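**Student:** Can you read through this structure? Questions will come right after.
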Amino acid sequence: MDNKQSRTRNFSIIAHIDHGKSTLADRLIQQTGLVSERDMKSQLLDNMDLERERGITIKLQNIRLMYKAKDGNEYYLNLIDTPGHVDFNYEVSRSLAACEGALLVVDAAQGVEAQTLANVYLAIDQDLEILPIINKIDLPSARPEEVKNEIEDLIGLDSSEAPLISAKTGLNIEDVLEDIVKNVPPPKGDNEAPLKALIFDSYYDAYKGVVAYVRVFEGTVKKGMTIKMMNTNKKFEVTEVGVMAPGQTELSELSAGDVGYIAASIKDIRSCRVGDTITDSNNPTEEPLPGYKKATPMVYCGIYPGEGEKYENVRDALEKLQVNDAALEYEAETSAALGFGFRCGFLGLLHMEIMQERLEREFNLDIITTAPSVIYRVTKMDGEVVMIQNPANLPEPSEIKMIEEPIVKGDIIVPKDYVGVVMELCQERRGNMLNMEYIDERRVMLHYDLPLNEVVYDFFDALKSRTRGYGSLDYEVKGYVASTLVKLDILINKEQVDALSFIVHETRAFPRGKAMCEKLKGEIPRHQFAIPIQAAVGNKVIARETISALRKDVLAKCYGGDISRKKKLLEKQKEGKKRMRQIGSVEVPQKAFMSVLKLDE
């Protein structure tokens, strides 16, 4: 092992949302003097505006720090920042595959939360060295000793030596750096072996083509070398290699153990997939690295071009986003109400929202999105089994033998005062309680089976608001269970709007339908004729609202006069409105589609 390799440390930071990952990353960058005070800004690695506004990390980022340790040596620290949100779990697993160690940041006031556990298990799966770090010890409500015990009890990590830090004030950050140097193992790998590098992220650059972020496991990669993608067998000539420090910094080569980027004028987006292995085309390696297991989308929704937007623009934008986000899936579909568009698959509601915002911001697109739905498994009378992503494709009720819906196992951690309200919420959402356990005298972990379509809708928001932000949720899909589900259609002016249809449990059809009709009544502008808005299950209308017509006062010219004259004018107006209703079409604004997504029960 060469000297440089023994002085390299690859690590990432994992934590629950808001426990201070990005702030700690900022402090490490500042402490090592990588960025001048003038250029330093908070959430330095979160370079999307969206990430800054919401205060969350969406994309993993990597950066190389140089640190002169107390033992007199200079170390190369490659930090890979990860998101904390459950929807972005696959982003976390990707960054962990490129590391040897992980810093587990736990908030000294909040303690271990549901997604802390989920991320720790990901790190344990990858055999990483996990270093617990207690953050926010400057808070008056901090209880570092109790939290240390929690980490030991719940996760089984020895945290007696865990650094107690405050990422906000910069207290004890030096301890974290020393901890990394001492406890994270240096990368293994042979510089002379054939090249083997894992693509853990990529993005599209208008000048350089697709730029791949890689972790080199074996061998060396230099400018001018011909590389081969093992998955697609495509070959490219390397135009530039380097590291992020924090901008792209070109180097002569990347060798075993390094984390950096490779540009090779790759114009075709599909030939540089995240999780693929790069090797030397003249001296290829035998086996590719074990890539990532494909992220399976949980939530589907339709994305359609809005007013005056071109279908091709939406397609190109989705293609570019897919390079950067391997979990996004899409296929073309058509809707009677909205024309040509795409059915897109996402990992969860937050993922879906973020993608929509990125399409609107980064590509300046005007898009319409339909209500999210999950994949149902339908067994027909003739024994055929079909998977339904789009409610509009659900077969006729007479053809259906049974419908099954996906069930998730949810782990919810809440303070014990809120156990009652959380149980109530889970019951409302058709949850089935498995068991509950006390983590310590203050907090409880509840295990529930919940239908996924209740979780994707707005469960997360409801949980946060009912527990005043203290509840945390982690879930994984368990399987399919038969259920009595019906398709709820919305008819506007007696015409079905397929984009508003969705599948719902029988018991929830009436309240859901009624709420949707009321919401749409407020959003659709009045027309010259009355518009009925109906919610129907099959042929049976279960709720209705009417938007009254705008009408001209036809009696304005009749001062006094005979009643029959007035009647004649009113009848004439009525006839006109009736004719209008038969031929008139109703404009449904995008706002109406969006408002239906945010129904508060």
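Cβ atoms are placed via backbone N, Cα and C, with glycine included.
This is the feature table in Swiss-Prot:
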{"type": "BINDING", "residues": "D18, H19, G20, K21, S22, T23, N135, K136, I137, D138", "note": "GTP binding site"}
{"type": "DOMAIN", "residues": "6-188", "note": "domain 'tr-type G'"}
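Describe the structural surroundings of these features, if you would.
**Tutor:** Annotation note: S22 (GTP binding site) sits in a helical segment as assigned by DSSP. A sphere of 10 angstroms centred on the C-beta of S22 (GTP binding site) encloses 25 other C-beta atoms.
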**Student:** Would you mind pulling the DSSP three-state label for N135 (GTP binding site)?
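**Tutor:** Looking at the DSSP assignment, N135 (GTP binding site) belongs to a strand.
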**Student:** Once near-sequence residues are set aside, which residues in the chain of G20 (GTP binding site), 6 or more away, have Cβ atoms under 8 Å from its Cβ?
**Tutor:** V105, D107, N135, K136, A167, K168
**Student:** Around I137 (GTP binding site), which residues of its chain at least 6 apart sit with Cβ under 8 Å of its Cβ?
**Tutor:** A108, P144, L164, I165, S166, L171
**Student:** Suppose we draw a 10 Å sphere around the Cβ of D18 (GTP binding site). How many other Cβ atoms does it contain, all chains included?
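**Tutor:** Step by step: centre on the Cβ of D18 (GTP binding site), count other Cβ atoms within 10 Å, giving 17.
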